[in-house]
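Inspection log for the structure reproduced underneath, given as structure tokens.
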Ligand SMILES: Nc1ncnc2c1ncn2[C@@H]1O[C@H](COP(=O)(O)OP(=O)(O)O)[C@@H](O)[C@H]1O
Ligand SMILES: CC(C)(COP(=O)(O)O)[C@@H](O)C(=O)NCCC(=O)O
């Protein structure tokens, strides 16, 4: 069997952090003080160096790739003699629980919408497509949240195919981390953005994954550019535990929170519970279902300690 680094050498161009940072080239730090404040609102621990060194070059790369796709669209419309419907460019972001998918997705949304060629950038997370809590209980999947079988894949694929077909209005369900359930009466409305970012654990799965039926289409069939955010499991577990500890003052403190009973735990008890959830659910899901999809991504962002990106792999 080929070793991971042999596969990566064959398929990807590798950039160490500094080499990647230089590819920002002429992209100025287009962010005003107000934009930076917005990014701080996304995540107050994100450093400005991370934005300039990692995310600005990525925003430049995506702008170039999307420009090429838009050019191709013009050629096609010239050829067929009519305007094709406006179709969003679809970017997926995959990776483990707690690797920083939603932070990455929100930063990329903020940066990509700065470009005049694609100002409308929407973001959807796949957690809305988890089966409602009652259905997860009925199927005995409460301890399998985030595993492929815990999602309504048919609904998710229908959603993404409508987006890809250029439908003018498409609805997505919303998940609440407070109630731990799908929100019953509100939906996200997507109206022909220039770019749609879709973020979630399972967005790189294909029919090659053994537990699923072969003929079924997958999210990855509709995606134009895929990103996998990677880190060693020891770091992921640590980040999962620290986020869980922070939740005691945030989400868990809400009286409506499904996990309200966790809000009074001391550090040692909370650490033990979070480590146990990692070892029984999120760790196995990473190793069984998420990590095996990594080497399909167009881009792999590898993080080390403190969430600092140390390597970027780009498909040749
Ligand atoms: N670039 C970053 N710098 C510092 N902390 C980060 C960064 N990205 C994520 N985090 C922290 O790591 C944890 C997981 O991030 P999150 O985006 O919620 O992950 P995911 O969506 O993959 O579950 C959160 O506590 C978040 O604040
Ligand atoms: C909601 C999630 C399944 C992630 O969903 P995603 O948006 O990646 O599809 C995950 O964050 C989760 O809640 N996992 C269950 C185990 C846990 O509480 O960590």
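Cβ coordinates are placed from backbone N, Cα and C, and glycine is handled just like the others.
Feature annotation from TrEMBL assigns ATP binding site to 95, 96, 97, 98, 99, 100, 101, 102. DSSP classifies residue 95 (ATP binding site) as strand under the three-state reduction.
TrEMBL lists 90-246 with the feature domain 'Phosphoribulokinase/uridine kinase'.
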Other than 95, 96, 97, 98, 99, 100, 101, 102, which residues of the same chain sit close to ATP? List them in sequence order, counting a residue when its Cβ is within 8 Å of the Cβ centroid of the site.
229, 236, 239
Quick test of your reading of the structure: among the binding-site residues 95, 96, 97, 98, 99, 102, whose CB sits under 6 A from ligand 2?
97
Excluding near sequence neighbours, so keeping only residues 6 or more apart in the same chain, what lies with its CB under 8 A of residue 97 (ATP binding site)?
146, 201, 236, 240, 282, 285, 286
Determine, from DSSP, whether residue 100 (ATP binding site) sits in helix, strand or coil.
coil
Please list residues from the chain of residue 102 (ATP binding site) whose Cβ is under 8 angstroms from its Cβ, counting only those at least six apart in sequence.
125, 199
Please identify, from the binding-site residues 95, 100, the residue with the sparsest Cβ neighbourhood, meaning fewest other Cβ atoms within 10 angstroms.
100
Could you tally the C-beta atoms, other than its own, that fall within 10 angstroms of the C-beta of residue 96 (ATP binding site)?
28
